[in-house]
Every structure is written in C-alpha cells, then in structure tokens.
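Here the structure comes first, spelled out in structure tokens, and everything after it is commentary.
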Amino acid sequence: MSSGFSGDFFTAGGFTGRSTAMNNPQSLYNLADPASRIHHRRPDLIGKRSLAEFQTQHQLFQQQQALGLYLRNVKPRTNQNPSPICPLSADFSASVSPDISSISSTSVSSSPAISTRYGRPILQQQQIRPQPINFGNGGSAIPFNHPNFSGVSYPNLLPSRGVNRETGEESEKKMMNRLHELEKQLFDDNEEEEEDAISVVTNSEWSETIQNLIGSTQKPISPTSSSSSCSSSSASPQTLSPKQSLIEAATAICEGKTEVASEILTRLNQLGNIRGTAEQRLTAYMVSALRSRMYPMEHPPPVAELYSKEHAISTQLLYKFSPCFKLGFMAANLAILEATSDQRPCKLHVVDFDIGQGCQYVHLIHALAARKADNFPSLKITTFTDFVNGGEEKLKLVGDELKTRANEVGIRFNFNVLSLKTTDLSLERLGVEENEVLAVNFAFRLYKVPDESVTTENLRDELLRRVRGLSPAVVTVVEQEMNANTAPFMARVTEACGYYGALFDSLDATVLRDNPERVRIEEGLSRKAANSVACEGRDRIERCEVFGKWRARMGMAGFNPKPLSPLVSDSLRTLLNSGTCGNPGFTVKEETGRVCFGWMGRTLTVASAWR
C-alpha cells in the first residue's frame, strides 16, 4: 500500500521498527490468534472522524512519503491481559519517528482534525461510536450502552499480506472502499449530538471489561477450592452419593489427609442409619469401618470379635435367611450326591472343616433318604475343633442334633470330632473306611485360611495340597464373590461398598426391617466389612477372592473342575422361585464349572466342584 495505513490503521499510537517487523513475519500480529488482538490503549482521546478527515490524513501521509519519510513503523505491544474474546482495537493517530523531527509542527497541525497530546498527534471533534461485541459463537451481542459494557469493538480492517504488497491506484481504491465500509458501520444519524463526547478506556478498565465478559460465560472458581481433590469434592457434597463420598473419604485416608477424611465421615455419619434403607445402613457401617482404619486405637477394628459366639450366631442367621448363601450350601450337597450316584449301597463320608451349626446337612440327610433304591444309606461327617469356635462340647451338640434328624428318616449316621493339624491329615487319621465315598466340603471356609500374602507358610495352599493327597471323589468350594484378599486398601473399600450394599439390599426382600434377627445379621456383616477394610496382615481375617482366583489356586493344587449337571441349577432355581422365597431380584446362573447366586445382577456367592 502507498498510504502507510497497514500499520497505523491497525494499532493505537505510534510504533517503531517497522522494517524489522516486516523482515520477521513472526513479529506481526497473527489474526488467527484472538489473543493477539488485545491492545492496552493509552489514555489518549479517541474521537470520531468523518470520511473527509480520513482523506486529509491520507494526503498528509502521502506528503510525508514524498519527503522520503516513511511512517510504516510497526511494533506489536506486549499483551498483558490476553483474552480469547477481545476484539480488535483501532486508533488513528500517526507516529513520528526521530528521523522526521525536522518537520515543522505546522505541517502536522495544518489539518483542523489533528492536534497533539503528550507529544503525539491525535484526532479530535468526533468520536467513533462503539459497536456491540459479538463473541462469534452464537451468543448475543452486548450493546455499547449495556451496564456490563466498558470496551470498544471495531471491525477487522487489516488487509492481508498480499494486499500489503500491492501499489498504485488499485490499492488506493481498495482502501477507499474499506473506509466507506467503516463509515457505514461506525456512524449513525445522531453523530452531531455526540461530537464533544470522548471515550477514554484505560488498561485497568479494559481488564475489568474482559473479566466481566468472561464471568458472564464461565463459572466462577473459588481461590480456595483447589487445595486437594478430596477437599474440592467435600465442598460440594450434594453432588456425590453416599457411596461416592465413602470412596472420597477412603482416598483422603490413603493420602494421609485425616482432617479431610474426618470431615467427610462426620457428614456421612449424619446420613447413615442402621434402621434406615439399605444405602443408609451401608453408610453407617462403612463410616465405622473407615474410622477404625483412621483411628485404630480409639475405634479398634473387629478381630477377636469374628471368633465370638455372637458373630457365629449372626453368621448362621445369614446362612438361614439369605437365599444366596443357603442355595450355595444346597449346591454343594447336590454336587456331593452326584459323586455317589453310582454307588450301591451309598456309604458317604464328608469331611467338613467348618461345620458351624450343621444346619446345611439337614438338606443332605433328606436327599439321601429320598433314594428309595438304596438299602439303608449311611452318612459319616468328620469335623475339627481347630476350625470351630466353641470347642468339642459345642460340636457334640451339633452331632447329636444331626443324628436325631437322620434317625427320623432312616439314615445311619456317624459324627466324628478330631483335633488335627493340617500336616496330620491322612486317610487313617480321618477314619476313612473301605468302600466309603470321600467328599471334602469347603463351604465358606477357605477365605479365612491365610495364604502366601500373610505368611510364608501359606496355609491355604498347604491345606489344599493335603486334601488333594486324600484323593477325594469330590471337593466342593462355596465362596463369596468378592476381591478382598490381595487387593489394596482403596480397591477393598470399593469392593466392600458394592458387595455389602447389594447384600443389605437383598435382605430387604427376605427379612422384615423390624426383625431383631436381621439386626444381628447386619451387625455381623458390619464386622466382616470392617475387618476387610480396616485391618492388614494377620489381623485381616476376611480374605475373600473371586472365582477366577480360586480356579487358579485349585489348579495349582492339582484339582480339575467337575462341572455340575444342569439338573443342579434347575432344581435350585425351582426351589428359589417356590413358595414365599420367590423374588425376581435373586438370580441363579450356571456358568462354566460353577453356579452363581446373586441379587440384581451382582453375584454374591459361587459354588463349584472339583476332583
């Protein structure tokens, strides 16, 4: 361009070093970057101009060029407050380089529209009317008289680089067309009434304008809300469910932020209620478990309580009222019966390492009695005092009760109580007779036996190898489907919330809320959950594993899967849906090598058979 407007028309005030800027394209403003369009204008007066005034200034620059004085010096200003929504700013004052200091002041002030201020020429008499700011994203524009508007927006009139290289009349004609467009956009019918108005925008005012504009489209951020992920989550508890808040508390405990965790637990304690809904009960018990993890001295986690008489009673009540546990025992019994189906007469010897109250064998006794073809089938059960709380006296009472039930239905019954170590297991010590079918029942027992993660002795694998040496006809394993053995603390908390939450919910379908036995059941479950979450090492007795890990462990011990027949799952499904036990929330699903029992899609227990 011949007029020199390419630099001065775009920026406010004068710049130096234009030749350096043109040689280095990176120093020019990048129109593709909205942040580069921010200019902090000096507090010069910006006035409105008519087309005649622009032409006068244009002629002045041509005169200066004729004298060999080029005013094309462009120097980008430092942008201290970049903003993606800042419009271009324009100031039509021209700069005077030190090379043209010999020009008389009359040559600069000869035009009535030009005067000087702070040593720089400025335009007077007219003010450019500010245009509404449009964000370019579909949002509505802000008019200049809006209370939130404090800046001025101008259209982008900077020609492209290709136009900068044009010379002659064609370039001058394009510039005049642009000036006509500018006049149409910036002037209206009331310009005479505002000739004396002055718009002054300082750097601080422009900064406030940008902040106001950003604030209208963005959510304000509190300066104290970024201290930690836990504290930020606790600042908006209404957006988190109790289960999510429990995970947040566990995260804070894991990171050592006890104050944050204590705050979350205090809030959750107000939501928990052991007499409320399943979610409220879970919240109350998990808050207690996490507090035991944080303050084991003030809130000791349950360890010895898991061997107490009260806990044994609550566990037996769980087996009685929860279909998932009850059907697990029945699946083990049916797998044992299948192993003896080809033997006549049936002489069955079952080794049980945790018989409890023995209620699960009442079903087996009646199933044996239903075999009309057998002549006086017999059942022998052997258990161990080392694995049962209460000692030999309690176990004798269990044996007496089972013998009474067996005599009622015509089954020969023997009950043996032994005190043996794992290393002493043998057919002789167990009293296995000739022609007896040996079955080993691990129903909800193996998860309590320490493995290699607890002790180098690895009692769990040792027990399995000893049992494998007995060559039993069938080994049944019934376990809770829960990954809580070698999983880290955070994973165990998540697993406990999901597992016990589903279990509490399933109890609503089987036991009335005001039933005192249900309270005892859930108190027992709370002890199990607290031990799983709050304890480590030998103190952590609850070490449940998922079926995939049991399958790997059984395989390493030398066992092979013994698939259950479809009749097992069909009979259990029929039993589940019969009478008052029927509930669509409970599920019985047969999968490869196992039968799964669950609630609302969550598997709670799994039964499998091995040989």
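Yeah, the Cβs are placed from backbone N, Cα and C, and that goes for glycine too.
From a predicted model like this one, the values you see are computed outputs, not experimental measurements.
Given the ranges 8-12, 348-352, 498-502, 503-507, the record in TrEMBL names 348-352 as motif 'VHIID'. Feature annotation (TrEMBL): of 67-99, 133-165, 397-429, the stretch labelled region 'Leucine repeat II (LRII)' is 397-429. On the 0 to 100 pLDDT scale, the model's mean across the region 'Leucine repeat II (LRII)' (397-429) is 91.
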